[in-house]
Each structure stands twice: as structure tokens, then as C-alpha cells.
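A.B. asks: Dropping the structure in here first, questions after.
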Amino acid sequence: MTVLHSVDFFPSGNASVAIEPRLPQADFPEHHHDFHEIVIVEHGTGIHVFNGQPYTITGGTVCFVRAHDRHLYEHTDNLCLTNVLYRSPDRFQFLAGLNQLLPQELDGQYPSHWRVNHSVLQQVRQLVAQMEQQEGENDLPSTASREILFMQLLLLLRKSSLQENLENSASRLNLLLAWLEDHFADEVNWDAVADQFSLSLRTLHRQLKQQTGLTPQRYLNRLRLMKARHLLRHSEASVTDIAYRCGFSDSNHFSTLFRREFNWSPRDIRQGRDGFLQ
């Protein structure tokens, strides 16, 4: 597995923060780092396989990656990321206690993926741009300024994440997308889902299309197909069983949609013919 090293990304040995844009981010094989990072998805879509679990990421997704986490990107479509790298929560010169603002693992569950709405994403961009402008400066005031900006970024993300902000339709749509990640195999009635998240059906369609480029049903089908592809690669379950587990009642229909989406049949993926398992 590829290991990315801090010496290749941080501007100096004393720098506690570095900015690494990926505009766009192409498919990238599984890797880990000797540093931590916050991945901010600017726009586009893709699959982020994080410690073996696939997540659909779109504009407004924020991923917290620790040094020991392994992850990869696949099936990217104009996916643009900004990575905010930091050595460790306890490797800042002027800040202490940052770990309390980061996601915490509890009973083996690590909430690695958050979402923020478009207006918050704009504020995030401004903070990141300020950090990036100061990367060439190594004096103490500049170092302190970058670390303060990093603290402001963490505070903004924490206050604005799904867990704490449901006051507008954009935030409720983000919550809906997170709900779909857990309930993709359920039978989804879009009228009922819109009511559940206090959205009109028209608003749901419009905002989801704006954020993902897909209609709600197309997004759900793609999510199901992504989950199915992951199971085909990493489980011994039959194609029929995987189809049912991922929300498809007809395995033939599943195979047709799968080939249309990936240009490979489920059997091709199972046998590694797409090159993923080579």
C-alpha cells in the first residue's frame, strides 16, 4: 500500500499545517499517510472508500482522515478537493486541546464524514485561502496566524456540521443524503422522505440535482450500485444476494443497470476483469 510522507507536502519541517488542492482529484489507489488531513469536497462526485467502507461524496462533504486510516478514491466525476493537512492534533506550536473539536471514535464507530451547506463551504474556502497565502512565511507571527485560522476552520465545521445545524433546507438535504447512506437498501418513497426531512418534493428534487447533478432516483440507484460493486469486490455473496441486499428486487434489472453504470457486468467485477484486483 502506498504511504504518503509529510516531507513531500509540508513546506518546512516546522510547518504544522499545509494546503494541498486536488483540482480535480482523479481515481487514486488505497493509501495512508504519516500525517492527518481534512478533505473538503468543493464539487463533483466520487466514491471515497474509507477503511474498507464506501461513501458517496459530493460538494459539501468533509472527511476527517487520521494517519492510520487507509482510503482511496474511485469513480470520480469532476471531483475537486482541498486537503488541509496537519501533522497531529498535538503537534501545534500555539494550540492545545484540538482533539476535542475533531470527530471521536466511540465503540469502534468513527464519524469520519460530515456535511456542510453551500454558504458554509464558501466560508471554509475563505479560511483555507488565507492559510494558503501564508504558507511561505515561517516566522512566529505567521505560524501563529495559520494555527489560529486552522482553529477557526475546526470551529466552523463543528458548528455547521449536520449534527448541529438543521435550520435551513440545504442542511436538511445534507441530512437526507447522510440518511440515504444508511438506508439505501430500503424501499424509498420520495414523498415520505421529503416529509421526513421537512422539504417539499420540488425543493428536494431541485437541490439534490444542484448538489449532485442527479435526480433523486438516479442518485439512489447510483448509490446502490456503488455499494453493490464494493460487495462484489470484497465479499463472497452471490450476485443475486448482493442485488437484494442493495435494494434491487430483480437481479436481471440490477445487472442491466450495473453494466450501464460501469461498462462491466457484475460477474466481470467479481472476477477482477476491470483491473481493480490485479
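The backbone N, Cα and C atoms fix where each Cβ goes, and this holds for glycine too.
When I checked Swiss-Prot for this same protein, it listed these features:
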DNA_BIND  191-212  DNA-binding region
DNA_BIND  239-262  DNA-binding region
DOMAIN    174-272  domain 'HTH araC/xylS-type'
SITE      Asp241  site 'Interaction with sigma-70'
SITE      Asp250  site 'Interaction with sigma-70'
A.B. asks: What same-chain residues lie close to the DNA-binding region (191-212): Cβ under 8 Å, and 6 or more beyond its ends?
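C.D. replies: Residues 45, 58-60, 169-170, 172-173, 175-177, 179, 219.
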A.B. asks: Using DSSP, how many residues in the DNA-binding region (239-262) fall into helix, strand and coil?
C.D. replies: 19 helix, 0 strand, 5 coil
A.B. asks: Quickly jot the same-chain residues contacting the DNA-binding region (239-262) by Cβ under 8 Å, restricted to those at least six beyond its ends, or write none.
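C.D. replies: Same-chain residues near the DNA-binding region (239-262) but 6 or more away: 75, 184-187, 220-222, 224-225, 227-229, 231-232, 269-270, 274.
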A.B. asks: Can you tell me how far the Cα of Asp250 (site 'Interaction with sigma-70') sits from the Cα of Asp241 (site 'Interaction with sigma-70'), in Å?
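C.D. replies: Between the alpha carbons of Asp250 (site 'Interaction with sigma-70') and Asp241 (site 'Interaction with sigma-70') there are 10 Å.
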A.B. asks: Mean pLDDT for the DNA-binding region (239-262), as a whole number?
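C.D. replies: Here the mean pLDDT over the DNA-binding region (239-262) amounts to 94.
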